[in-house]
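Participant: The following block contains the structure, expressed as structure tokens.
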Amino acid sequence: SCDASQLCNCSSMGLDFIPVGLTAKITVLNLAHNRIKRIQSQDLQQAVNLRVLLLQSNEVSSIDEDSFWSLAKLELLDLSNNSLAHVSPVWFGRLFSLQHLHLQGNSYRDLGESSPFSSLSNLSSLHLGNPRFSVIRQGNFEGIELLHKLWIDGSNLSQYEPGSLKSIKKINHMIINLRNGNIFSEIVRDLLHSVTWLEVTGIKLPEEKKSLVQNSTHPFRIQKLTFKEAFFTDQTLSQEVVLLKEITSLKELEAINCVLDGKGQWKIEEITRSGPSFVETVTIIKAIIQNFHLFFDLDGMGSQIKNLKRLTVASSNVFMVACQLARYFSSLLYLDFHDNLLTNKRLDETICEGSWPSLQTLNLSQNSLKSLEQTAKRTSRLPKLNNLDISQNNFGEIPDACVWPKSLKYLNLSSTQIPRVTDCIPQTLEVLDVSANNLKEFGLRLPALKELYLTKNQLKTLPGATPIPNLVALSVRRNKLTSFSKEELESFKRMELLDASDNNFICSCEFLSFLHHEAGIAQVLVGWPGEYVCDSPLAVRGAQVGAVHLSLMECHRSLVVSMICVLVFLVILLLVAVGYKYHVVWYVRMTWAWLRAKRKPKRAPPKDVCYDAFVSYSENDSDWVENTMVRELEQACPPFRLCLHKRDFVPGKWIVDNIIDSIERSRKTLFVLSEHFVQSEWCKYELDFSHFRLFDENNDAAILVLLEPIQSKAIPKRFCKLRKIMNTKTYLEWPAGEEQQQVFWENLKGALKS
């Protein structure tokens, strides 16, 4: 159950005893919420480096005297909510480093005859007491000189020996649950010189006039007194007001969840005779006045409140302060009436002419104000007001112009249902909060504004910087922003903090590039990077903006597309050039013609055969073909009919079709081969097609006449079948001598007849 830092969590494991095998490595041991009944000597003997030991909410009723003696480094010991019937000073005798000790919620009735804490010189916080705890004796706190916090559950405390708490020289904050009001004054007297803040819970003050200070000497230390869940009557409250004046160091009074059973029939004359109050701050939260409808208007209390500087009356159903009483608050600087029942009609009485003359801060949030114009007009009666909070009032509408206090610098209009911002908002403002109002834009000119809060609105872009040139802090959290640019941010010359978290950012390349490369962006953006999350593209939805890196294609799509288009264009251009150089178009067309020819019958019907031979030759050999061969063959007996392209091709017909038709209408194809033939592009085309059409048929329709010797390497390599024919079959060679020529003609005529 131990982690790398040697924190061992064994809580809620149903243990009946402290586990064996604890070593010196353990620094934190949590054994809370088990069923441990006894702590024995050897249980913790080896855990010499233990700093935190949590044993709360067990069933511990017995602790051996030397159980904690080896824990010299222990700083926190929690034995609360167990079954300890007594507290022994021997337990803590060697806990020299102990700072926090929790003993509340056990069953002991007292702390014994002496101090259990005499050796705990470093103790900082002490929690003790329980519902059965009834006696505090002198000497119980000997050895403790300084406590940051002392918490005592004395709900059933019935006996307190005077001087018991005096031994503690200084207590910053003491909390005591005390129902017995008769011993309250005794405790206060002992704490006058030690406690800074005293908090009393559950008390019902008795009716007594015994002084709280008696023979105590000045100066006193106590500065703040808090009553929680206390019960007062008109008599006890009047009495406490008089008695507390004797504590001249007391500056702050606080009452939380307290009940007043009375009508306000206070002993005004006695209170007035007791002199002025030194209290400067009064806080009343959730006060309950049982007969509120019969309550007086506090007339006559003016002399007691004229020195008050801070007043909070919250969540107490206040609907009005009488004008006459309000005028007595001549020194009040801070007034908090949040979460009450103030209306615009009653506000006219509460803030009448001459009331609250020194007021600087006013909180009227969470009331029932309906008219912003009337609220502004009433507060304009406060000449020194500079901070006004009227948030969470349902104004609904905002006029085009309003009258405000001339000194107003801070205005909170959040959650007031205003649909827009107008010139009603004063230009003197330095801080403006219009959060949670469903605003779609903000273009108000506020030259002095330094802080602007637009959280939870409907803004899609940052507000313009020109109308608010001195802005230092801007919050647009939880709006509809999709991005913001470097230019927008730099337009705010004095911007130091921007909270744009919790928006639905479109993580575009420009937005990501700006945030990733902008120096110091982490110092400007509040909540960066954890609260800045991408909403789109879908692939990165939910990812932190700072962690997203898009690909080149995603970031420069137009550039990549342009480059692809350029490459495609270059490839096409290259193919066109290659095709032009190597006559690819011709070959394509020829192949197409050949494919069409393939679908025709392999042999033309006999009636369609018009020629004995189709002659394929080079233009450079035309003289020999036309003047020698044609004369010899066509004038023979019987004559041969030859097909010559110059003479017999159909004019206007595609040459490939002419070649195909001529070959198909001829019994033989006569190739006059020469160096000119194999070097001629035209002859290559004829030879290509003839190769496709004729040689694929595996017949002897081709007759080769070698007009002059040809190097084999001059024959194109792609005509593999032509090479094969020349290597495997006999071909006719044109001889130089006349005698041999006669034999040549006979052989040629024989080949044509075969």
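Easy rule for this one: first residue shown is 1, then count along the chain.
Positions of Cβ are set from backbone N, Cα and C atoms, glycine also.
Look at TrEMBL and you will find Cys2-Cys8, Cys323-Cys352, Cys402-Cys424 tagged as disulfide bond. For 559-580, the entry in TrEMBL reads transmembrane segment. Look at TrEMBL and you will find 609-752 tagged as domain 'TIR'.
What does the local environment look like for each feature on the list?
Facilitator: Sequence-distant neighbours of Cys2 (disulfide bond) (same chain, six or more apart, CB under 8 Å from its CB) are Cys8, Asn9, Ile26, listed in sequence order.
Cβ environment of Cys323 (disulfide bond): Glu349, Thr350, Cys352, Ser355 lie under 8 Å away, each six or more residues apart in the same chain.
All protein chains included, Cys424 (disulfide bond) registers 20 other Cβ atoms within 10 Å of its own Cβ.
Through the fold, the transmembrane segment (559-580) approaches residues 552-553 of its own chain, all at least 6 residues removed from its boundaries and within a Cβ separation under 8 Å.
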Participant: Give the number of CB atoms, excluding that of Cys8 (disulfide bond) itself, located within 10 Å of its CB.
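Facilitator: Total other Cβ atoms inside 10 Å, all chains included: 20.
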Participant: When you measure from the Cβ of Cys402 (disulfide bond), which residues in the chain that are at least 6 apart have a Cβ under 8 Å away?
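Facilitator: Those within reach of Cys402 (disulfide bond), by Cβ under 8 Å and sequence separation of 6 or more, are Leu372, Glu373, Ala376, Lys377, Cys424, Ile425, Pro426.
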Participant: Suppose we draw a 10 Å sphere around the Cβ of Cys352 (disulfide bond). How many other Cβ atoms does it contain, all chains included?
Facilitator: 17
